[in-house]
Each structure stands twice: as C-alpha cells, then as structure tokens.
Amino acid sequence: MDLSIVVPIYNEEENVPALYKKVCEALESSGLEYELILVDDGSSDGSLAALKLIASRDQHVKVISFRRNFGQTAAMAAGFNAACGRVVVPMDGDLQNDPSDIPRLLSKIEEGYDVVSGWRKDRQDTFINRKLPSVIANYLISRMTGVYLHDYGCTLKAYRREVLDGINLYGEMHRFVPALASQVGAKVAELPVKHYPRLYGTSKYGISRTMRVILDLMTVKFLLTYSTKPIQLFGKWGIYTLGAGFLSGAATIYMKLFEHMSMNRNPLLILTAFLLFMGVQFIVLGLLGELNARTYYEAQSKPIYVVKEKINLG
Ligand code: UDP
Ligand code: MG
C-alpha cells in the first residue's frame, strides 16, 4: 500500500459524499495503491450512515467509528494506528483541505523528507478569532520547539509511516507531530496548500482551542527537553544553591569563630538558611519531576479512544 488518507469526521454528513468524490478524483489517475480511512468521532448526525454507504461500495474506504466524541486528535490517532500505507496523509473532512494537493505532498516526500506539513498560505477563516491566534501560536510553537513552520494547525500533512510509530497523541497534539518527529531525526518540510471556506456544517472550535493548544505546547516542550531529565535540570540548580548555602554557612561560622562577628540579626544567617532550604526544594522538585516523567511514560498504554465498529478493516 502506497498511501493511507486519514480523515476525522464529526457531524459532517453534508460533506462526506463530496469529500469521497474529490479524493477519488485526486487519486484515480495517480496509479497509487491507497486506502481512505474515515474515522467517525461519535457524530450525532447522519455521518456514520454516509460513511457506511461509501464503504459498502468501495473497498478502498475503511471506517472506524467511536463510541462517543473523543476529539479530532483521538480520531486521527485511530486512523494512524490502522493505516497500512507507506505514507500517511491526514486531512480535514469538511472540504477546507483539497485532496488534489496530495500528489504534491507525496512528491515532496519522494524528495527525501519524512514529514511534509501543509501551509494554508491563503487561509479562508476569520481573522480575529482564527488567523490571529494561530499566527501567535505558530510563533510560540516554532520558538519553543525549534522547528519553524508557518502553519502547525493545518491538518493536511504527509508522514512517512515510520515517523508515526512511537508517537503518542492526545489533547490538541496532532499538530505537534512535525516537532516531535524532528526530535527523533525526521526531515521536515513545509508546502503551501489550498484552503477553502467551510461550505456546509459548522466549525467545531472557537477561540478556547488556542488556550488548549498553548497548554499542550507546554507538554510538548516538556517532552522535547525535560522529559527524561527533570532531575538533571532541577537537581543541577539544587546542587548549586545547596553549595552556595554551605559556602555561606562556612563563611558565617568562620566570621563567628575567628572574627568574633555578632550573629545577632546578621543577614548572613538568613541567606544561609534561605540557600539551604532552596537547594533542598530544588532537588525534591527534580525528583518529583522525574517521577512524573516516568509515570507519564508508564501511562501511555492508556487508550485515548474506544472503538465501536470497524468496516473493511481486518
Ligand atoms: N473533528 C473531529 N472531532 C471533533 C472536532 C472536529 O473529528 O471533536 C473533525 C471535523 O469533523 C473536521 C476536522 O476535525 O473534519 C476539523 O474540524 P473543524 O473543521 O471544525 O476545525 P477548523 O477547520 O474550524 O479548525
Ligand atoms: Mg474546518
């Protein structure tokens, strides 16, 4: 299998038929062996019925349906886990992305990149509550992860299959895959893609998502830098501070014994106590961080979704 297209679907009944048609048109002439994995994220409209209808007629189409709404990231993760293609391409189900961009993403992969991220250069969303927060978010994410992209939020991306192995997604983290992949050596490129306004249905998100993205960015930053070494980060400062505390303590004792300085209300005493306490605090914080990091890794087997039904999938 050359290609797996993964589409999260949450209440997109009007969009499903057109989406299917556009995907077929885009790939028919390509000669690629592909599958279209449609993940129903607990839709309450006729989306699942529409997906089932398509899957009953076309073996390329595979459907996973969730017991309830688990969120876009979970839907994408389920699709990624089921994908057999050499390249995996996630895409929105609301026709804001264009399947005709897929061949271009693939040729970029063929150039030797492991991740090709779509860039909605001409993004068709409102400015104040969508584009502006996303400019800020992209700046922050780029600065903090060291992987500079214009448009982390674009769902349309292409991944070499191996890149996704070992990446566990949750929250809003689907957008951070390029940064997480780059950490383990993946070559990342960005490619301008088309973008359309939503014709049918409504966006599932508002401004509140930006806050969640920022929170998840902190998790990603933690994963990228401190995940395996909080004790090294905090412990280092703890040891410096403790060392300074001992020096200051030694100076205090020296001055008391040999210079006969009065210790009554002497700030050196306070400084010593402060440094010693802070040093111990830092070290304990490092240990807690270490414990937390380990718990995080242990907890990763926890599923982020529950599957109700699979169609055309083994
Ligand atoms: N989506 C989903 N689960 C959710 C919310 C959204 O699977 O809980 C899907 C949705 O059906 C669409 C994609 O994620 O295919 C992007 O959602 P939307 O268009 O609402 O986001 P926007 O384009 O406004 O960022
Ligand atoms: Mg959309």
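A Cβ is built for glycine as well, from the same backbone N, Cα and C atoms used for every other residue.
Database features, via TrEMBL:
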- 4-165: domain 'Glycosyltransferase 2-like' (DOMAIN)
- 237-255: transmembrane segment (TRANSMEM)
- 267-288: transmembrane segment (TRANSMEM)
For the domain 'Glycosyltransferase 2-like' (4-165), mean pLDDT (0 to 100): 96
Beyond the flanks of the transmembrane segment (267-288) by 6 or more, those residues with Cβ under 8 Å of it: 230-235, 237-246, 248-249, 251-252, 255
